[in-house]
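Positions annotated as active site, proton acceptor by TrEMBL: 63, 303. Feature annotation from TrEMBL assigns N6-(pyridoxal phosphate)lysine to 63. Under the heading substrate binding site, TrEMBL lists 165, 367. The domain 'Alanine racemase C-terminal' annotation in TrEMBL covers 282-432.
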Ligand SMILES: *Cc1c(COP(=O)(O)O)cnc(C)c1O
């Protein structure tokens, strides 16, 4: 009998059961995404800004394949939850959303990463996609494309209020206005928005960072005044990411842009846990164990012998490695060279005959697998090859002891965002609750083999 560290999935139909079985045969790990959690997270974010009629709209940020959750399913769930905008960094993802059937009648789409020389501006304009401009080269190239296509381009003027990434600086803004104003008057560019990004909105515990966000807000407002004075007042302003959507209501303006909150996480554990913010992590990463065997005390585990078994024990292979996006920095060890140094690796929930136990990566993460020291006899613990173990999930209860992507982020010295965006697409993505969350015509847009 195999044990399952994850509660059984409630598949919606025999076809869902068959998809689940097929995915497990194809690959010994699965990322299961709950579309109801995505929808409910978005509903909550819409409530936080005051509801659908508050004058503040919400964009679901679905860049980077929806933070690894799957672009189209996540986008559709966000719309089901009340998002009226979608945002992608790379322009090809914005175009893909339109091509997959999310038309301009359903939502606006904003895209912001490109260089002014090779971006498919013509297609973006034709697909009714809003485009960020933050450089003079970008303005020129976009204006040329708009003339070629014969339609005004919908523009969001990106201003650098202090992030130091994209956008016009205060010193460079007169030159930008000098180009934008005539193009707007001529109708080549339609100035829709003015926007910027916050650097440290997720650190309410650090007074210097709170002050620096305050300064970014003042700078942002000054940019708005300059646009107004130049006669191209933005119709909408947007500045708030998830952190500011959750805890800076004064800067919701006409649109907010949460990303990580849609996927159910707070931006920084310094802000608390997902539950503190009424968010539910949508993705569960699980795997089926490979070899389980007994080893003696003092056995070196994995490359570099950074972990030596302290006692006679059993080990189990988790068939996921850095080629799947499991961070090598989430390795766990008790030795570095000859020195004893203890560092916990990423956590894994394993079901045993004594109930669920949390183990940690023992030794280095390899390319396709890592190893767990079970700290006991597998036979006594009832742990077998083929058992399903859980790397992270929604983070249920104290007793349930379910790890989250935040725990993996801590083990790898990174942030939850990087934990899911690094997960390679060779790990099947499977979706729960499609039929509950999406209209039938949207369910039909999804790959049927991915629906549970
Ligand atoms: C990624 C991103 C967001 C979303 O940030 P979260 O912290 O995930 O809410 C918003 N705006 C821009 C410009 C981004 O790049």
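Cβ from N, Cα, C; glycine included.
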How many other Cβ atoms sit within 10 Å of the Cβ of residue 63 (active site, proton acceptor)? 19
If one measures from the C-alpha of residue 165 (substrate binding site) to the C-alpha of residue 303 (active site, proton acceptor), what distance in angstrom results, rounded to a whole number? 39
Note down the number of other Cβ atoms within 10 Å of the Cβ of residue 165 (substrate binding site), including every protein chain shown. 10
Rounded to the nearest angstrom, how far is the Cα of residue 63 (active site, proton acceptor) from the Cα of residue 303 (active site, proton acceptor)? 35
Rounded distance in angstrom between the Cα atoms of residue 63 (active site, proton acceptor) and residue 367 (substrate binding site): 26
Averaging pLDDT over all residues of the domain 'Alanine racemase C-terminal' (282-432) gives 93
